Amino acid sequence: MSPITTLISRLRKCSTVRELESIYASMIKNKVHQDCFSINQFVSACSNLDRMDYALLAFSHVETPNVFVYNAVIRGSVQCSSSFQALQFYLEMLKDDGVFPTSFTFSSIVKACTQVSEVGFGEIVHGQIWKNGFESHLFVQTALIDFYSNLGRILEARRVFEDMPERDIFSWTTMISAHTRMGDLNSAQRLFEEMPERKTASWNTMIAGYARIGNVKSATELFNQMPKRDLITWTTMISCYSQNKQYGEAVGVFQEMKTAGVRPDEVTMSAVISACAHLGALELGKEIYLYVMQNGFDLDVYIGSSLIDMFAKSGSLDRSLVVFFKMQEKNLFCWNSVIEGLAVHGYAEEALLMFDRMEREKIMPNRVTFISLLSACTHGGLVDEGRRKFLSMSQNYSICPEIEHYGCMVDLLGRAGLLEEALELIQGMSVEPNSVIWGAILSGCKLHRNLEIARVAVNRLMVLEPENSGYYLLLINMYAETNQWSEVAKIRTIMNERRVQKKSPGSSWIEIEGKVHEFVASDSSHPASSDIYRLLIELYGQLRLAGYVPEFGFTP
């Protein structure tokens, strides 16, 4: 076997940087480091290991690189997300006499323009594609469709598609994806129906498009019609249900997927765990966790952060912490999830200590981190610490407070009875206060019986949410508690004049033996509702006998 054949064989099997270094040393020793075919293979191996620095070093020693070497460097740069570097090599290639771009050059360079949204450069490349006679090449034209659609230039994308002398499954799917990305599902559906042959990827694109605009019904219909489903299909459908708050259906699709014998990946598991978190179904969550452990999934940042969030929301903070400390690598999402979990469960001091630990690990916080920290201070009544954290956002981390941060601070100050300070904060906000902000201070007014500021809050809320009865009723209760019946009558008159109706009741869930049950106030649709009401009446009677006196005040 010749030295070149041996080296090429080693390059195709290469899986470590050390091996890569050894191979290049052998190339120099055998005087093949100038051989374009060998360098082409070496560059490909470098890009597969995400070590384009080695590829560029080898390229710099090639005296007369041919188009295949240039193509390998451009393709490798795009693969390693170094698109500007790819553009530079393309320009260098054009200056090299005797080296002319091929269809492979153009498909890679169009992808580079897509990655960095280089509109002008991409249009120039499009012109060069025509000039060099590659306007009929399928994968070049498909790359152009993707380029224009990613820039939101759907007309140019459609023009390229319509001008193609022939189309394959990838060009059809790319054009359909372009329409779904723009939210134009009607055009996407028409193309989908016109396709001479549909592959699973085309179905998946349509389902993802309907999921993106919240059309769960159409997504489900397509899912049920599919002749064949792959991992992406199942994951897309699970995400579709989860994103549209149909969490029970998301878990149901996952169970169906397992029955079909399709092995999920990390993305699938993250979506399923997220659905369990919203359901608050601890037993189901424990089953999913067991499945993760038994099927060899790593506790990576995606699955790990989802599990931390799920256990915390399901009331099992201890399991949430176990997952967190088991993780070898933790990113900001993991830290945010565990800080939020501690905050929600009332462990304010521990949440702040976890933040200190995060800072020691050199993890930079973001806006979500501070929402959790301020929430922790609110739950723990830590007013001074809350003030410090709020000020540190802009002073230490250059994070501009947003509406959620102001909401936490107003809630914190309101609960502490510092209503004047809360009102001053609202009046000095850098963003327009919304109904959540005014609702937070109104809750503080109810707690501390401050009618003066309550009137200010309700007057603003009547403008922001004129049909929300909750705020009117809260003010009515406050007036009633101080026997101001004339004011009660005025508010009721305003409600009647504005035709403000009591809002529909909320709902809650409870998990029993792996099944999630939903309950709504005054609802009788549950099959065991008669038994449930009978038991509630009995419990209420026992509470009255024990001396319990119900409070009929209203809280929005």
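Just so it is clear, glycine is given a Cβ too, placed from its N, Cα and C backbone atoms.
Through the fold, the repeat 'PPR' (66-101) approaches residues 36-37, 39-40, 43-44, 46-47, 50, 52, 55-56, 59, 108-109, 111-113, 115-116, 118, 121, 128, 132 of its own chain, all at least 6 residues removed from its boundaries and within a Cβ separation under 8 Å. TrEMBL lists 66-101 (among others) with the feature repeat 'PPR'.
Taken from TrEMBL, the feature repeat 'PPR' covers 168-202 (among others). Within the model, the repeat 'PPR' (168-202) shows a mean pLDDT value of 90, rounded to a whole number.
In terms of DSSP secondary structure, the repeat 'PPR' (230-264) contains 26 helix, 0 strand, 9 coil. Residues or ranges marked as repeat 'PPR' by TrEMBL: 230-264 (among others).
Residues annotated as repeat 'PPR' in TrEMBL: 331-365 (among others).
Counting residues 6+ beyond its ends, the repeat 'PPR' (230-264) has Cβ neighbours under 8 Å at 200-201, 203-204, 207-208, 210-211, 214, 216, 219-220, 223, 271-272, 274-276, 278-279, 281, 284, 295, 516 in the same chain. Residues in the repeat 'PPR' (331-365) partition by DSSP class (helix H, G, I; strand E, B; coil) as 26 helix, 0 strand, 9 coil.
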